[in-house]
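Novice: Below are the structure tokens for one structure; questions will follow.
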Amino acid sequence: MQNRPIIIGVTGGSGGGKTSVSRAILSHFPDEKISMIEHDSYYKDQSHLTFEERVKTNYDHPFAFDTDLMIEQIKELLAGRPVDIPTYDYTEHTRSSKTYRQEPQDVFIVEGILVLEDKRLRDLMDIKIFVDTDDDVRIIRRIKRDMEERGRSLDSVINQYLGVVKPMYHQFIESTKRYADIVIPEGVSNTVAIDLLTTKIAKILEEARNSK
């Protein structure tokens, strides 16, 4: 492993293709030590609230995340020490009792809707990416994901999108585009942007190895 891991931040609106872009980067480097860390894993524990109260949580607001813990754990990984990353139970709307062990890597992709919102987190990143996708495409993807993977009803997804997700995107997420080094329109389908990005990452890795 090289001396200092590369940190790549990937953000954009919910359903915008952040995870697909992150996975495209991962698949481009099968022989590298590279992992993805999701901001969603750091949703705050809500076990002290009733289920009805948890359901009303605004998950698209910065206060929903334990970003302090994420920053602390990324710093540990940068120092070459493993961490136990929390997991979130989307059916119970609270943090799970399970964690997973993340070992140090050469590259970490830090992915989530608000990973560029906190300056402390931005300052740890070597490359900052904003995936820019049309609102209509994002809501369709979100409906499909939340119904299939998170057990949500159509009405609940639509109501949450119109009441919380869309306004939070315009209030907190869209404005972080100005911090991005690279803006990728239409996400993973923009193969030119993905190729340019992976070429840049490969160059950074090569330079890091040559500087040893």
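The backbone N, Cα and C atoms fix where each Cβ goes, and this holds for glycine too.
Here Swiss-Prot flags GLY12, GLY13, SER14, GLY15, GLY16, GLY17, LYS18, THR19 as ATP binding site.
Tell me what's around each of these sites.
Specialist: Under the three-state DSSP scheme, GLY15 (ATP binding site) falls in the coil class.
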Novice: Beyond the listed site residues GLY12, GLY13, SER14, GLY15, GLY16, GLY17, LYS18, THR19, identify every same-chain residue whose Cβ lies within 8 Å of the center of their Cβ atoms for the ATP site.
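Specialist: Near the ATP site, beyond GLY12, GLY13, SER14, GLY15, GLY16, GLY17, LYS18, THR19, sit ILE113, VAL131, THR133, ARG138, ARG141, GLY187.
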Novice: Applying a 10 Å Cβ distance cut-off over all chains shown, what neighbour count does GLY13 (ATP binding site) have?
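Specialist: Its Cβ shell of radius 10 Å holds 27 other Cβ atoms.
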Novice: Find, among the binding-site residues listed as GLY12, SER14, GLY15, GLY16, THR19, the one whose Cβ has the highest number of other Cβ atoms within 10 Å in the structure shown.
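Specialist: Compared across GLY12, SER14, GLY15, GLY16, THR19, the most Cβ atoms within 10 Å surround GLY12.
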Novice: For LYS18 (ATP binding site), which residues of its chain lie six or more apart in sequence with Cβ-Cβ distance below 8 Å?
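Specialist: The answer is VAL10, THR11, GLY12, GLU111, GLY112, ILE113, VAL131, GLY187.
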Novice: Would you mind listing, in sequence order, the residues at least six apart from GLY17 (ATP binding site) in the same chain with a Cβ closer than 8 Å to its Cβ?
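Specialist: Expected: VAL131, THR133, ARG141, GLU186, GLY187, VAL188, SER189.
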